[in-house]
Amino acid sequence: MRAKLLGIVLTTPIAISSFASTETLSFTPDNINADISLGTLSGKTKERVYLAEEGGRKVSQLDWKFNNAAIIKGAINWDLMPQISIGAAGWTTLGSRGGNMVDQDWMDSSNPGTWTDESRHPDTQLNYANEFDLNIKGWLLNEPNYRLGLMAGYQESRYSFTARGGSYIYSSEEGFRDDIGSFPNGERAIGYKQRFKMPYIGLTGSYRYEDFELGGTFKYSGWVESSDNDEHYDPGKRITYRSKVKDQNYYSVAVNAGYYVTPNAKVYVEGAWNRVTNKKGNTSLYDHNNNTSDYSKNGAGIENYNFITTAGLKYTF
């Protein structure tokens, strides 16, 4: 099934090119619309560690949480012809934002459901996050008051975090949660980056009644390629972890509502929910203290979900 869907994505440009050869392209001002908006980004991203030698069970998980990071978002769309549109969109954070990180380990194989080690880092920053999206739409219905179309595109997103200070509860070799303490305030503990690359397919549409308009978009990908980089800065455990995961699932739902203040200008609000589901992938580590490295197949997991709310202006030229 995924192979068939990927075939649709790859052959869409060919089909559109063939169709375009029978139509006349007209680059006129009223073929273009653009929008810009401001809003917030909230969500959580997760990294996991699995042990293949213990049946692939999860032994570690780090949850990076962020709330209400300010973002700016923009898009431009060009109607090549009544049936075909191309577009570009993207957003970026306007600065760093405070967050939170929790790191838990399950090292006791005889009691895998109970964590043995935990550290909490309330002094965590979302350093930056951004995304770009290139897409093409084919309109099945295209009337003055409503549109419905299929879409295909390519999207990339990035996230960067730094956790500082914090507290910990560890288990010694002889005990259980018996080592309690804290890290120096402001000292870097862990730095983490994620990147997601994906082709996708989707469905988009809108409906207008007088000066009010509702719209929505659904996107899906089964071909997400994600990667991450985890830097442990502890001088006694200076380790870099890098992981790659392929063919993850991605889901996105966006809904917007707007009002035309002039025939060409619309103010609107929008909410978008996005998720990349967890899947196992390969990981490597490099120990800077010992100059040693290791590699593990199916030893990592990467996941991300977020919610974006924006308010902005759309203008048709």
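Including glycine, each Cβ sits where the backbone N, Cα and C put it.
Each of M81 and V245 belongs to a differently named topological domain in Swiss-Prot, hence to opposite sides of the membrane. Within its own chain, D105 (active site) has V59, S60, W115, T116, D117, E118 as residues 6 or more apart in sequence whose C-beta sits under 8 angstroms from its own. Between the CA atoms of H232 (active site) and D103 (active site) there is a gap of 12 Å. Sequence-distant neighbours of the transmembrane segment (32-41) (same chain, 6+ residues past either end, Cβ-Cβ under 8 Å): 66, 68-79, 91, 93, 129, 268, 270, 306-317. The average pLDDT the prediction assigns to the topological domain 'Periplasmic' (79-83) is 90.
Below 8 angstroms of C-beta separation, residues 27, 31-41, 85-95, 97, 129, 308, 310, 312 of the same chain, each at least six residues beyond the ends of the transmembrane segment (70-78), sit close to that stretch.
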